[in-house]
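Residues annotated as transmembrane segment in TrEMBL: 15-36, 43-61, 93-117.
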Amino acid sequence: MSERMEQTGGGLDTVKLSAAVALLIAGVMGFYYFAAESMLVRVLGLLGVVAVAVFIAMTTAKGRQLAGFLGNARTEVRKMVWPTRVETTQTTLIVLGVVILVGIFLWLLDSLLGWIIRQFIG
């Protein structure tokens, strides 16, 4: 029985991914190397390098897989039924109330145990 393995990339994909990682490393190093420059210039430069690295990475087979996955995830998020503002507010208030009640209970329990221990110690 022979198994066929699907090859999802190749040497060129490895080179592209390595170049993308090298660009990211160079971008971060450049960000700190040019510490005397304006923060705006450094951040814009870093964002530009990241954009180029992402573009290079997305041209690989794994990058296309990731793009497909993200597209499918976005579709699934759109299918979800999100709670209304009223439901969100009510749930938040219930959680806040329970947290306050548990906090008061733990404070009372701590006080009771402290009082009991003080009675034993003297």
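Quick reminder: no glycine exception, Cβ is built from N, Cα and C everywhere.
Keep in mind that TrEMBL annotations are predicted by a computer and have not been checked by a curator.
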May I ask you to check whether the transmembrane segment (43-61) and the transmembrane segment (15-36) make contact, with contact taken as at least three Cβ pairs under 8 Å and only pairs 6 or more apart in sequence counted?
yes
So if I exclude everything within five residues of the ends of the transmembrane segment (93-117), which remaining residues of that chain have a CB under 8 angstroms from its CBs? That is, six or more out.
none
